[in-house]
Amino acid sequence: MQSTHSIAELVTRQKRHDYRFLAILTCLFLLVFFLSLCAGENWIWPNKWFSETGQLFVWQLRFPRVLAVVAVGASLTVAGAVMQALFENPLAEPGLLGVSNGAGVVVVFLVLMFHGIAPFWLLSIGAVLGALTVTMILLTFSRNRYLNNARLLLVGVAFGVASGALMTWMVYFSTSLDLRQLMYWMMGSFSGIDWRHQWLVVALFPLIIWLSRQGKVLNFLSLGETQAQQLGISLYYWRNLFVFAVGLLVGLSVALAGTISFIGLVIPHILRLCGLTDYKTLLPACVLSGGYGLLLADLLSRLSLNNAEVPIGVVTATLGAPVFIWLLLRVRDWS
C-alpha cells in the first residue's frame, strides 16, 4: 500500500515538473517571438509597430517570416522526436529517411529547368511531391518486404545518399546564376518569405498539432516492437502513418526554407536531459522549443553581419554539429 502511494506521488511530482517546464518554455517562446518582431537592421519597438515604418517592416516583412520560422522549427523538431521513437534510434532526425533530399531533388530540377525563375508555388508543390514520393517508396518497401525499424532506417539512409548525389550532379551541370541560387537554397534560408507563402505555414500547423497529440502511441512504440504489439498497438498501421506524416512535414519545411539540419536531433535530446521523458509532454515541448530555437538561429543569421544574412542552415549546422558529435560519443549502443 505504501509503495503504491509512493509511485502515485512520484507520478504527480513528475507531472508538476513537466507542466512547470512547459510554462517556462511558453514564456521563452513568447519572449523570443516578441524579440524577432523587433529585431533587424532597424530595431522597431512595440510603440512604433503601427506606424508607417512598422506597418512595412513588422507586419509585411518580419511577421510572416517569424510565422514561417516557427512552423518549420516546430515541424523539424517534432519530426525528429517521432523518428527517434519510431526507429528506436537516439540519433534519428528528419533528414535520415532521405525525405529532405528527395524534396530537394525536385526543387533543384525545377530551378534548372526554368533557368532560376520558377514560381515559388511550383517549387513548393515540387518539394512536397518529392518528399511524398520518397515516403511512398519507403512505405512500399515496408508493406511488401515487412522491414523492421533498423532495415527501414538503412533504406532511408540509402535514399538520402542517392538523392544527395543526384542533386550534386545537377548543380555541377548548372549555369553560374542557377548555381548561386541553388547553393543558397540548399544551405537553408527564410529570406524572401512573405504573406504569399503562408499557405504552406497553414498546411504545417494541423500536422504539427496532430503529431503533438500522439504521445500515448509513441510511448508504447518507444518500448520496442515486441512490447508495443503486446499492448495492442498495430505496428504496421502506426509506423506507416507516422512515416507519411513526417515526410509531409519535412517536404513542406524544405519548400519553405530549404535544408536545415540538426535541429530535429539536438532539441529533443536537450529536452530529455531536462527530464521530459513522457511523449505526451515531450512533443508539445518540442513544438515550443523548436519554434523559439529556430527563431534564435534566425536572429543570429539576420544580425551577425551588416547588410547581409547568413543562411540559417549554416547557423544550425555550426551550433548542432558539436552536439551531434557529443551524442555520437555518448550513445555507445544504438544499433
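Each Cβ is built from the backbone N, Cα and C atoms, and glycine gets one as well.
These features come from Swiss-Prot:
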TRANSMEM  21-43  transmembrane segment
TRANSMEM  63-82  transmembrane segment
TRANSMEM  95-114  transmembrane segment
TRANSMEM  119-141  transmembrane segment
TRANSMEM  153-175  transmembrane segment
TRANSMEM  195-212  transmembrane segment
TRANSMEM  244-266  transmembrane segment
TRANSMEM  281-303  transmembrane segment
TRANSMEM  310-329  transmembrane segment
Given 21-43, 153-175, 195-212, 244-266, the one sharing the most C-beta pairs under 8 Å with the transmembrane segment (119-141) is 244-266
Other same-chain positions with a Cβ less than 8 Å from the transmembrane segment (310-329) and lying at least 6 residues past its termini are 90-91, 184, 186-190, 257-263, 265-266, 269, 294, 297-298, 300-301, 304
Same-chain residues at least 6 beyond the ends of the transmembrane segment (153-175) with CB under 8 Å of its CB atoms are 87, 89, 92, 95-102, 104-105, 108-109, 111-112, 115-116, 134, 137-138, 141, 147, 182-183, 186
Residues outside the transmembrane segment (281-303) whose C-beta sits under 8 Å from one of its C-beta atoms, at least 6 past its ends, are 18-19, 21-22, 25-26, 28-29, 31-33, 35-36, 39-40, 65-66, 69-70, 72-78, 80-82, 189-190, 208, 211-215, 218, 260, 263-264, 267-268, 270-272, 309-312, 314-316, 319
Contact set of the transmembrane segment (63-82) with the rest of its chain, CB cutoff 8 A exclusive, min separation 6+ beyond the ends, reads 33, 36-37, 92-94, 190, 193-195, 197-198, 200-201, 204-205, 207-208, 211-212, 214, 218, 242, 245-246, 249-250, 252-253, 256-257, 260, 263-265, 267-268, 279, 282-283, 286-295, 298
